[in-house]
């Protein structure tokens, strides 16, 4: 008897459940890669929207009134262009932060396949609309702000849905390592987004948005066709078949009164939604949420401002600046995997986060190391920690709770993601060094919040009370002396 080929032996050695897990891991990885791929172009084209036009050769037939701004794209041709870029970033990030708190509730109640695919298609639409502003010669800040805000809202569909899918398929044992590898989609998406946008940024920056928009919309169609959101959906297929067979037997035996009970076992596959107040009561949700707030503040400041910083300081062209900025994301891939591996081995998610954040603080100017040390805790909190808390035993096996927990943690973190680029836009005119001081402070605060959140709160309250008492004593003395 001939033996099977080694490749066939390898394929048949895995169970059907293992193949489903692998398939879901790959699909969700690709899906969220396209989310970040479509977010990255805005940071690449900033240095193209406002350039030093005195160094650019202008066409002979072009009537130039201002030699310094003739090649800039209005309304970003003014001296306050950095503030305008900050406004543009925050239209997306504030909408994203607000929408994330509601996204979990929708994720609990709607089929994740429909929810995720519709969000990806709409995100592709708004990304394309931003790029069409180049071809339609739109110079209104309100147009770009509106498109960014709408895109921010629909992008909230992504994270709770993909984390819920992966959390439903994978157990807790090696969750940190598996999700550390899987979460590299964030950095991979940023890298691909930078490279794709860099190809078109100097010739036709509109394509820097249109191409990623088409990619994420196409991925949404694939999501609709192939995503299986949990094991229960595969089990439901066989449960329905068994139930129909049982009903047929009961009908033959004229025992129809039992038909209503034969499918009761299926109820274990359906979960009820939970109240957000119950999620907030879980130990660790508030602490990790606030820790993520400061971690995302650092990460998203690099995401939106690093290419412009490199272009201004190193005087690189937009494409080279975008390519060099990918070093931060390359470090993020290594950091996410390393953080997951260490946390699985040590059993301490919080300890791993704090240690990496402490080391990251003095290294914010070293792109590769900073990317690893900042994105490591960021990846760990948004994936393994969220999944651990969302499948906590006190939630009584409610797998849909994972979507709500993920939305709360990432929604809080998104507040930091909105504040970071805004502060960078306000601080950068005073000098880029001040921006780095802000990032170092955020790293330290992220660690302090996770280490001794309650001690800090008590300390602040005591000092506020002491200040009020001291103020009252001084006020009384002044009244006694001078009145």
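Along the chain as shown, the residues are counted starting at 1.
Including glycine, each Cβ sits where the backbone N, Cα and C put it.
Marked as domain 'Major facilitator superfamily (MFS) profile' by TrEMBL: 27-458.
The feature transmembrane segment is assigned by TrEMBL to 20-38 (among others). Using a Cβ-Cβ cut-off under 8 Å and counting only residues 6 or more beyond its ends in the same chain, the transmembrane segment (20-38) has close neighbours at 14, 116, 120, 123-124, 127, 151, 155, 158-159, 162, 165-166, 169-170, 178, 182, 185-186, 188-190, 192-193, 196, 209, 212-213, 215-216, 219, 222-223, 226-228, 231, 234.
Only residues 6 or more beyond the boundaries of the transmembrane segment (84-102), in the same chain, are considered here, and those with a CB under 8 A from a CB of the stretch are 39, 42, 46, 49, 75-76, 78, 141, 144-146, 148-153, 155-156, 159-160, 300, 304, 308, 407-408, 410-411, 414-415, 417-418, 421-422, 424-426. According to TrEMBL, the feature transmembrane segment maps to 84-102 (among others).
Taken from TrEMBL, the feature transmembrane segment applies to 114-135 (among others).
The transmembrane segment annotation in TrEMBL covers 141-170 (among others).
For 182-201 (among others), the entry in TrEMBL reads transmembrane segment.
According to TrEMBL, the feature transmembrane segment maps to 207-228 (among others).
Here TrEMBL flags 285-306 (among others) as transmembrane segment.
The annotation transmembrane segment is assigned in TrEMBL to 326-342 (among others).
Annotated transmembrane segment per TrEMBL: 431-449 (among others), in sequence order.
Under the heading transmembrane segment, TrEMBL lists 456-482 (among others).
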Contact check, the transmembrane segment (207-228) vs the transmembrane segment (326-342), 3+ Cβ pairs under 8 Å, seq sep 6+: no
Tertiary contacts of the transmembrane segment (182-201) (same chain, 6+ residues out, Cβ under 8 Å): 25, 28-30, 32-41, 43-45, 48, 166, 207-209, 211-212, 303, 307, 318-319, 322-323, 325-326, 329-330, 332-333, 336-337, 340, 371, 375, 379, 382-383
